[in-house]
Amino acid sequence: MTLPPEMTQTGAQLGRKKWAYAFALVTSLCFTWGFTYGLLNVLNAHFQTIFGITKLQSAFLQLAYFGAYFVSAPFAGALMRRMGYKKGIHVGLGLYSIGAIFCWPSATFKTYGGFLGSTFVMGCGLSTLEVAANSYVTVLGTPHYAAARLNFSHGFQAIASFAGPLIASRWFFTGANVTSLGTVQWVYLAVAGFGIVLNILFFFFDLPEIIEDSEPDEKNEVATVDGPVPLWKQYHCIFGFVAQIAYYGAQVTVAAFAVNFFVDQGLDINQSKASELLSFCQITFTIGRFIGVVILNYIDPALLLSFYGFCCSLFCLLVSQLPGYGAIRCLFCLFFFESICYPCIFTLGTKNLGVHTKQGTGLIVMGVIGGAWYPLAQGALADRAYTQRSYLVPTSGYIAMTIYAVGLVVDQARRRGFSFRNRNELSAKCAVVADVSLSLPGNAKGDLSSEKEEFGDEFIGVV
């Protein structure tokens with residue numbers, strides 16, 4: 001079952017008011033996974049105290065949360081393709097609320113396994129929401145500014161992410177709450193209520209159903225050269241999936257052990273102060289993301305990702321080696337340069353996929369599985385050595401991401417020449433198609449193999 005054509009539109013067909021309305025509505029979803037992710041990072045340290053578990057055992061929270069992404073993201077992409085974005089969002093918000101509600105009995109009976117199960121259900125809901133929101137924002141307008149749009153939306157996710165550590169610094173690590181889960185259960189009950197309210201709002205609001213601009217349109221007799229390229233041959237997407245695994249694993253594990261890192265520096269920083277410092281790191285991340293929105297309007301996303309990836313690799317290495325406040329300052333710098341990485345990998349990996357956009361989106365979102373096993377690797381090293389030295393683990397992830405970004409820059413330079421600027425590739429391709437079409441007699445399609453060779457697989461879906 002697919003949506004009928006009369007129920008769908010392309011991003012270009014929406015009026016300005018309807019476009020802004022749809023963009024704002026979907027961006028509101030970013031608060032759900034932003035707050036949950038920020039809260040998860042401080043629960044590691046809190047659960048180590050409550051349940052008497054090791055750093056490695058506490059990292060199973062990340063395994064449950066991001067393992068859910070790996071399991072459910074492919075189904076989310078298929079669901080969105082068959083039923084549309086709105087129904088997919090309802091399913092995601094429903095799972096999100098159910099998982100949060102079950103954190104209440106887990107806290108009441110102090111069962112770590114219960115928290116792991118509840119976190120897994122929440123992760124399934126959030127992965128569905130992320131597939132919907134990210135792909136929707138990506139196709140909601142020209143590909144030229146897709147990276148900037150997604151960075152702007154994720155800026156609000158970043159705002160929500162520092163609320164979790166801030167709450168923890170005030171209520172999880174002070175007074176009787178240090179050895180209690182009373183505050184935790186109330187926080188998750190509020191999270192469930194927020195998910196229910198959003199679900200009600202999406203039920204009553206009219207969300208335009210967007211199709212990809214580059215999908216073949218039989219009604220307008222739009223053809224493709226030699227048919228659409230299969231997803232497994234869309235190498236920028238396949239390698240983007242690998243880069244997302246490496247990057248997201250690094251990002252998650254850097255934040256997951258930040259509280260332990262601050263406490264272990266020997267600077268008289270307790271858990272409450274450490275959680276507050278993590279919140280400040282997330283604020284730095286948020287500022288960096290909004291600055292990135294401006295920069296991405298002018299600088300090529302692959303080139304900017306290459307530079308930011310190099311900086312992430314360097315500062316993460318310095319965090320693992322420098323003593324005291326020097327390492328802490330480098331950690332703040334690391335959070336700043338992380339800011340644009342996820343949205344850039346996402347937009348570069350899903351660019352010009354045409355009919356495969358929703359499937360490609362599900363694949364890239366599956367890349368957050370790195371957030372499940374990287375913390376396990378770092379937790380094991382932190383238990384055996386020093387927490388600071390364990391930051392060598394995420395350094396490897398940033399290096400892998402940088403290799404992907406540099407590879408894209410080289411590929412773009414080989415095919416179209418090197419450029420610092422963020423070029424409007426869609427306009428360039430349409431101009432080529434128009435020139436070729438004018439040179440052909442009558443309605444003949446002619447041989448467009450040379451243009452296809454110049455623009456590669458991205459040429460598919462334009463002619």
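Numbers run from 1 along the shown chain.
Placement of Cβ uses the backbone N, Cα and C atoms for every residue, glycine included.
Lifted from TrEMBL, the feature list:
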type	residues	note
TRANSMEM	20-40	transmembrane segment
TRANSMEM	60-79	transmembrane segment
TRANSMEM	91-109	transmembrane segment
TRANSMEM	115-140	transmembrane segment
TRANSMEM	152-173	transmembrane segment
TRANSMEM	185-205	transmembrane segment
TRANSMEM	238-262	transmembrane segment
TRANSMEM	277-296	transmembrane segment
TRANSMEM	303-320	transmembrane segment
TRANSMEM	326-348	transmembrane segment
TRANSMEM	360-376	transmembrane segment
TRANSMEM	396-413	transmembrane segment
Next on the checklist: Can you tell me which parts of the same chain pack against the transmembrane segment (185-205), counting only residues 6+ beyond its ends and a CB-CB cutoff under 8 A?
Outcome noted: 25, 28-29, 31-32, 35-36, 39, 86, 89-90, 93-94, 96-98, 100-101, 103-104, 107-108, 118, 125, 167, 171
Item to check | Tertiary contacts of the transmembrane segment (20-40), as residues 6+ beyond its ends and Cβ separation under 8 Å | outcome: 14, 61-62, 65, 85, 89, 93, 96, 119, 122, 126, 129-130, 132-133, 136-137, 140, 149, 152-154, 156-165, 167-168, 187, 191, 194-195, 198, 201-202, 205, 207-208, 210, 256, 279, 282
Checklist entry - With pairs 6 or more apart in sequence, are the transmembrane segment (326-348) and the transmembrane segment (91-109) linked by at least 3 Cβ pairs under 8 Å? => result no
Item to check | Long-range neighbours of the transmembrane segment (277-296), counting only residues six or more past its ends (CB under 8 A) | outcome: 38, 41-42, 145, 147-148, 151-152, 154-155, 158-159, 161-166, 169, 255, 258-259, 262, 269, 304, 328, 331-332, 335-340, 343-344, 422
Checklist entry - Can you say which of 60-79, 115-140, 238-262, 360-376, 396-413 has the most Cβ pairs under 8 Å with the transmembrane segment (303-320)? => result 396-413
Next on the checklist: Pairs 6 or more apart in sequence, C-beta under 8 angstroms, 3 or more of them: is that satisfied by the transmembrane segment (396-413) and the transmembrane segment (238-262)?
Outcome noted: yes
Item to check | Cβ contacts under 8 Å made by the transmembrane segment (60-79) with residues that lie 6+ beyond its boundaries | outcome: 36, 40, 43-44, 47, 87-88, 91-92, 115-117, 119-124, 126-128, 130-132, 248, 252-253, 256, 358-359, 361-363, 365-366, 368-376
Checklist entry - Is the transmembrane segment (115-140) packed against any residues at least 6 beyond its ends, judged by a Cβ distance under 8 Å, and which are they? => result 10-11, 14, 19, 22-23, 26-27, 29-30, 32-33, 36, 40, 43, 47, 60-61, 64-69, 71-73, 76-77, 79-80, 85, 88-89, 91-100, 102-103, 106-107, 146, 149-150, 153, 188, 195, 210-213, 346-347, 350, 357-358, 361-362, 364-365, 368
